[in-house]
Amino acid sequence: MSVASSENIVVRSLSQIGDCGLFLLRMLAAIPRSMRHYRETIRQLWFVGAMSLIIIMVCGLFVGMVLGLQLYDVLSIFGGTSATGTVVAIAIYRELGPVVTALLFAGRAGTSVTAEIGLMRATDQIAAMEMMAVDPIAYVAVPRFLAGVIAMPLLTCVFCALGIFGGHLVGVTWLGIDNGTFWSNMTATVEVVKDVVNGVIWKSVVFGIVVSLIAVFQGYTTPPTSEGVAYATTRTVVASSIAILALDFVLTAFLM
Amino acid sequence: MSQRQSYAVGTGLFIVLGFAALGYLATQTTSVANSSRGPSYTVEAHFANIGQLKERAPVKVAGVRIGQVQSIVLDPGKETADVKLAIDKRYDQIPDDSIATIFTSGLLGDQYVGVRYGTSKKTLADGGELALTRPAQQLEEMLGKFFGAGGVADNLGGSYVVKARFTNVGALSVGAPVKMAGVAIGSVQSINADPVKLDALVTLAIDKRYNQIPDDSAAAVFTSGLIGTQYVAIQPGGSPDALKNGDEMVLTQSAMQIEDLIGKFLVSGSSSGKPADGGKTDGGKH
Amino acid sequence: MTDSISAKPEDSALVRVRGLTTVLNGKKVFDALDIDIPRGKITAIMGPSGTGKTTLLKHITGQMRGDAGEVWVDGHNVAELSRDKLFELRERIGYLFQNSALLTDFDVFENVAFPLRQHTELPEVLIRNIVLTKLQAVGLRGAAGLMPTELSGGMARRVALARAIVFDPMLILYDEPFVGLDPIALNQVLKLIRTLNQTLGITSVLVAHELEAIKQVADHIYLIANGKVVAQGDPKTIANDGSPWTRQFFGGEADGPVPFQYPAGDLGVSLGFPGKNA
């Protein structure tokens, strides 16, 4: 019984991943058609990107501050507090920036995209678009997907910048690490390609694609009921979180 | 339509903010901030072992950055690395018998190429070769704990400027603290290589409150901890006259490379080698 | 407009369903269904709940395809149309959804303007004129600035109707247009259906249960049950054709060909008295 049901879960997960991939292909095929709805993409960029700024900035600041605090504490054991800025920057660029931003994005924007599309289905808005000869993939799915893919790297950059600021705030302003030391050590060690491009940019682009795909897919394929929408938003968070952390490992292994 | 336009404006602002953040990350917090963009000339050096040296690692003279590593390739048919160094044009007076060494900046730091000037009258030209090299040493295995941590520098009440010349500033950086008796009294304002005297000219900004420092005091570059940064320690002299704004400190003691230090430990097998360079005051008082 | 595209303008039936068979989730929804929707008339499709009336509308618009049989709309076999041709056809079909399906992101004006913005590059002034004219036709020009959440059910349905007719379609499909409306709103919608049909000559298909309302507007009624047409005719005669279906449906009897009991085994067996049947 349990074997059968666990097999069931595996089969269902695999078929979900397969459906998700096919859905991605459908969206990619619809991108040229959705170019005429570029205004909708801009509007979605506002909703998923600009509206997530506050939470991203606040969280970035606090992550940077707590990193500064913890690292100062640990590094002072070795008399290496001057490396605080370096370690804050590297930790944020390589891991915390892209990962935490993606998790926050999944919770803030991903769920709202899923719920919105699910409700559009439940209230026949998607069907109505089909009836008005408007391709809902091109009009509903692709703009939200593209907006997520564009917004994620930008949000990650903002998160990282605020994280550095938070680390500086705690390390230099509060704990008294020398300002010049903080920056010069950071600039001596942090590299553009390895840390900013491979860490911040590549990871966040991949996370943007995955989180947006999951959010749009879950919303688009959920049963059009209030129950279905509730489950779909939960699944968006769960699936996104797992995908982000698993892909983070894979990407780190490849990009290092 | 105004609703649509406000979305477009807000979204535009968001995108600009995102790219501004990216630009900030890429240029202000990374090695790009250090890399010189001025004209440079290329010099070659062959090392038996480059350790962890990477492309774009800094090239330093007396601890001051004068260029960066341009490329690292294996010499064809030999077991040595061919390292090309891009040196800033303004530092064009490097003697052609100078020694290139691969150092590590701090324990966790990246490696860099340190150049120690020779005595030759001829200077290196574009495409020249630094014939004398010393390979990277594998430091990490030898090290344990070191001195304590640094203190706080605050700049209330303004400061005055004093100059000091060092033959080697090590990893001293702009903004590093200046300490007397372990207490921060100012910070390093600028570090420049003197193209003529071939040493490092360091400007120290010292808090106005400490205006009674004797003018025969000595300045030394110390390291606060093994991983830690270097700072300038001032050891007071006995002169009745105090240092004034713009004065130059005559007695200086340069930074010790950790490699040198450890080499001494290993060779002498006792701490008796330390005072030879450690100077008259106890640097580990704090 | 329709003449240039129409393949068989002389054909009196705008929609022709022939031998349509559809199986959904193992259940046969349509079993060789034949239906003709005449041009310029209001045709009502009635039947017990779950007989696939909405599914039939989806076949007409090409949202679903049957397992066998054909659906012809204005001379095109819907199942054989390419995606672009299908979209072209849909631009000439208005569809009124059961729950109005207004786009919640936009206000009433933008909802009605939506198809125009998507399919045309008309100047803003012209869009404004068309939209306000359509809203005036449904009596809601004053509500142009409201959001869909601020509308009552009847108003939302009228806005949806304005949106459905914004391209002056040849065919409007009404999916349960009267559900959940108070008598006033119901009569308003009823009046609109009749007006649109009479003044613009729009062919209308009405899926509904409300017999009294349908009697007022429909020219022809199809009664569907068990995947087949069980009765048809004009509103006056259909109720008296004597079949048990019409008697139960129009007479509103609880039991009949549509059983009160959902199919189940013997009650005695279910309650645990095996002896009785043995």
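We number each residue from 1, going along the chain as drawn.
Note that Cβ sites are derived from N, Cα and C of the backbone, with glycine treated the same way.
The transmembrane segment annotation in TrEMBL falls on one of the ranges A:10-33, A:154-177, namely A:154-177. The stretch that TrEMBL tags with transmembrane segment, taken from the ranges A:74-93, A:114-133, is A:74-93. The stretch in closest packing with the transmembrane segment (A:74-93), judged by the count of Cβ pairs under 8 Å and taken from A:45-68, A:154-177, A:197-217, A:229-255, is A:154-177.
Here the transmembrane segment (A:154-177) has Cβ contacts under 8 Å with residues 49, 52-53, 56-57, 59-69, 71-72, 81-82, 84-85, 88-89, 92-93, 96-98, 100-102, 105, 186, 200, 203-204, 207 of the same chain, all six or more residues outside its ends. Sequence-distant contacts of the transmembrane segment (A:45-68), counting only residues of its own chain at least 6 positions beyond either end whose CB sits under 8 Å from a CB of the stretch, comprise 84, 87-88, 91-92, 96-97, 100-101, 104-105, 108-109, 112-113, 144, 147-148, 150-151, 154-155, 158-171, 175, 212.
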